[in-house]
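Asker: Below, the features straight out of TrEMBL:
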- B:20-39: transmembrane segment (TRANSMEM)
- B:45-64: transmembrane segment (TRANSMEM)
- B:71-92: transmembrane segment (TRANSMEM)
- B:104-126: transmembrane segment (TRANSMEM)
- B:133-152: transmembrane segment (TRANSMEM)
- B:172-193: transmembrane segment (TRANSMEM)
- B:222-243: transmembrane segment (TRANSMEM)
- B:255-272: transmembrane segment (TRANSMEM)
- B:279-297: transmembrane segment (TRANSMEM)
- B:303-321: transmembrane segment (TRANSMEM)
Amino acid sequence: MRKISTLLVAVASASALAACGSSADLSSDGGNGGGNTAAPADLRFVTVVKLTGVGWFNRMETGVKEFATETGIDATQTGADDAGPEKQVKIIQDLIPQRPTAIAVVPNSPESLEGVLKRARDAGIKVVTHEASDQKNTDADIEAFDNTAYGAHMMDELAKCMGESGKYANFVGHLTAKTHMEWAAGAQARAQEKFKGVTRVADPIESQENTGVAYDRTKELLTRNPDIKGIIGSAATDVAGIGRAVQEAGLQDKVCVMGTSIPSVSEKYFADGSIDKIFFWDPAVAGKAMLKIARLLAEGKQVEEGTNLGLPGYESLKRFPGNATTFHGNAWIDVDKSNAAEYKF
Amino acid sequence: MTGVRTVAGVALRNAHVTRLVALTLLLVVVFSALAPRVFPTALNFQSIAYSVPEIGLLALAMALTMITGGIDLSVVATANLAALTTAGLYIAAGGETATSPLLLVAFCAAALLVGMACGAVNGLLVSRVRVSPILATLATMQIFNGIAILWTDGEAQYGFPDTFLWLGDATIAYVPVAFLIFIGAALLIWHIVSRTGLGTRIVLVGANPVAARYSGVDERGVLMRTYLISGLLAGIAGIVIAAKSTSASPDYGGSYVLLAIVIAVLGGTDPFGGRGSVAGVVLAAIALQVLASGFNIMRLSPFLYQIAQGLILLVVMVVELRRGRLLERLRGLLTGRPG
Amino acid sequence: MRLSRLRGENNEGLLAGLIILLVLMMGVVEPGFLGPATLTNVVRSLLVDLTFALGMLVVIISGGIDVSFTAIAIFSGYGVIVLMNDLGADGTVWPFALAALAGAVLGGLNAAMVAGLRLPTLIVTLGTQGIVRGALIAFVGSQYLSNLPTGLESLARSDLFAVTTGGGTARMTLLALPVAVLCVLVALLLRSTMLGRSIYAIGGDVESARRVGIRVGRVQTFVYLFAGALAGFGGLMHVTLSRQANPYDLVGSELDVIAAVVIGGASIFGGRGSVLGTVLGVTLIAVINNSLVLLGVPSAWQRLAVGLLVLLGVGLQALGQGRRKSPPILAEVRS
């Protein structure tokens, strides 16, 4: 009897917490959504990134803050302390009662967020995503570029460096990292179409987003394929591990190392050619792009083919074929030792 | 009159549960004061209620195994496997068009069976092969996770019909269905632990395994059943996760293992075995999700929350388990006599 | 009789045999594998884990388990680099001493909880892991540092010796030396000192050890301080060898180290374990991990493989022990 009473007390308190408060709040009247031109100061945008504290997203935060200063909109960035999907879900879940005008998300796992993003949209919040070209529950997804075209561009540069012949390998963060896999597929398709002398030695290799793993795997690659001429990295720290391995093997001049990275991670390997070139898109600009789109949506406007966001690389958005809500710009940046000093992140 | 006295009596005799209720209310009050426009709203509490069930179920599974003096580190991996089972079955049955309630029941049952199968593996290792539960479940965690990744090529699985998603999305009288599932499961476990012979034996095996053995308690059977139930709970958690996220993924919930342990300990479970309270675990789950939401709403650094989680774990353990010894040591320090 | 001696107290012989078998198999699949480059690569890739494993070995022998070592390691390693950068200091030896000291201090938190308050080791170390890691990123820094102080950078590129063959140069890193010395020291500690014997005794049965007069609290304090120091040392070694300091590193890779120690024959029920077994366990896992690309096997199999190996290792151990422990009266009761 005692125990039942205790449990009932517990359950009652719990349910009370779950259901209390004025029920009027539960309507999906967002207050800020819809087609009215609210003053900037009334708008609130929250950017939710994959992982907080790392260089890439610190740079994105710079862009978010610039946007806030330029427009007067309350724009902030938040993120969890690890790249696990469940923490991002909780952050977004906890944002819903705060009724921001829009949430801009860079998902760790787009699929895991579908549920909570749907709830957010049901509550009248606009959702913009980045690096999530298949996200269903989004009002607009913006990619810096078409992943296949980006992969092809990397292959153009790699093949040039390799003299258009030889073997290469391609690292990805995880085999589940869709974006990385699309880059790799784009590169391989380009090689098969245009650079028939360039062949890939293996399927994409996982670095597990860990520079040490990239390093170890590269050493094995070099042992197994002593005549390899090119290696592409996908996660930002891949090329650092790859370059280090190539440097230690003394093969800087023989192996072309390129990949997606940021200057601060790779520049120390440019000097002796351990890393030949890196590619990236400026996360600050991408962050601003998301927010500009959020503003358009908040004002009741649409994002169309050809929309100009007024940002470098995003002057004429293209829609992805077959997907009405995914757009991309043309915003990749090539960096090698000649221009690394221009980028301070 | 008698009613009031009974409630007060209940509250006094279950001091731990009362403390947890007080803690939860305190947190609600503090955060409501700090964020008055956002925190004390129905939508916020509903949000919190959405996030409690999956971790609450995992914490119940964890607590049950801890009562026997063991632990189950593989609960999250098991939940993911169960979630992937429902996903795989639904995709094979046609995905979003497979709305028949019969399929819903069948596929959920399949998920529960998978959960119990994983529990059985753990149970066998702990009860028959006599492997330490820490190592056994650490290994099975890796193995189940590896199986999930290989099964899906690491990709999350989509394709649930509305009938299934209803479990994760719908509300009844503003209370999320998933939360009701959690409470239902908690009631079931409470019944098992407090009202059945199995429950008594579970507590006995945890409290004093040697005495239990010499009293003729079938320790192996008890342990096996404990891990089976833990697997079942993990399976339910998997269903809730899949329904809420509308997807199943092999890598979801990595941070939940530690959180489940914190909730179990906060809820009054003695990690050395022999003591635990279902009501405590339920309240602790709610309290910690309230805390997490509060941190999110206050835009505090997630690393501060990580520190807070670790501190809570240590402080609760010290207070609950070693209050006497700690006081002794402090007295010794102050008076100069050995503690 | 001689064959079973070869097998070793903790199945070390079996492990060695397994490693040799694997290496030979790799050699068949990929002739380039059997060369000095592989040896130096494998050694380099296992140095950090081996350092951690030595600390874990001592903890497990004492009957506990520690999952906070990765957080302590990266805190110490990253923290020392940040300190050196802030002070503009440089060096090759004193940073390691400082890192070990920092690790020991952090390990003191574990020691206080486990030795002082007798709390369960897994959960205590889970708690300290969260606190240490959170504190690192919240208070010390979250930036990826790609440039280390010159002294450490050059240490990373220093060789103990180098062998040049047709396929390239195989370099054995200088840092292999301190780790080898550590192995010898820990082995001596465990086998030849009273402290070492006490650690085994506590692992076997705490109460009995207490009654024999062993100062359990002190020995346990030593164990966790020592494990912390080794973790700190290993953390700076990791940072140095990878020539970058990333505060997000290391945490998450605890299982590989625990697996290596357990596979090497140490028993979590305490009282068993050897340095040789640990070295072999670490080598086995490193050989397996390092060969994945060679065989073209997806890395998802790696998680599965390590998990299965752990089960195999502890399972064999447990079955072996179980046969000895059942008192005759229980046989009566059960029958």
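Backbone N, Cα and C atoms are what each Cβ position is placed from, and that goes for glycine too.
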Asker: Is it true that the transmembrane segment (B:71-92) and the transmembrane segment (B:255-272) have 3 or more CB pairs under 8 Å, sequence gap of 6 or more?
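Answerer: With 3 or more qualifying Cβ pairs, these stretches touch.
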Asker: Against which stretches of its own chain does the transmembrane segment (B:222-243) lie, if we need a Cβ under 8 Å and a gap of at least six residues from its ends?
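Answerer: The answer is 53-54, 57-58, 60-62, 64-65, 67-68, 70, 72, 74-76, 78-87, 108, 111-120, 122-124, 126-127, 160, 164-169, 178, 181-182, 185, 189, 192, 198, 201-202, 205, 212, 252-253.
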Asker: Taking a Cβ cut-off under 8 Å, which residues six or more beyond the ends of the transmembrane segment (B:104-126) line up next to it in the same chain?
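Answerer: Distant Cβ neighbours of the transmembrane segment (B:104-126) are 70, 72, 74, 77-79, 81-83, 85-86, 89-90, 93, 133, 136-137, 140, 144, 163-164, 223-236, 238-239, 242.
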Asker: Go through the chain and flag residues at least 6 beyond the ends of the transmembrane segment (B:133-152) whose CB is under 8 A from any CB in it; none is fine as an answer.
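Answerer: Result: 65, 70-74, 76-78, 80-81, 84, 88, 118, 121-122, 125-126, 249-251, 257.
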Asker: Between the transmembrane segment (B:303-321) and the transmembrane segment (B:172-193), do 3 or more CB pairs sit under 8 angstroms, pairs being 6 or more residues apart?
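Answerer: With fewer than 3 qualifying Cβ pairs, these stretches do not touch.
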Asker: Considering only the recorded stretches B:20-39, B:45-64, B:303-321, state which has the highest number of Cβ pairs under 8 Å to the transmembrane segment (B:279-297).
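Answerer: By Cβ pairs under 8 Å, B:20-39 leads among B:20-39, B:45-64, B:303-321.
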Asker: Take the transmembrane segment (B:20-39) and find every residue of the same chain, 6 or more past its ends, with a Cβ under 8 Å from one of its Cβ atoms.
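Answerer: That would be 266-268, 280, 283-284, 286-287, 290-291, 293-294, 297-298.
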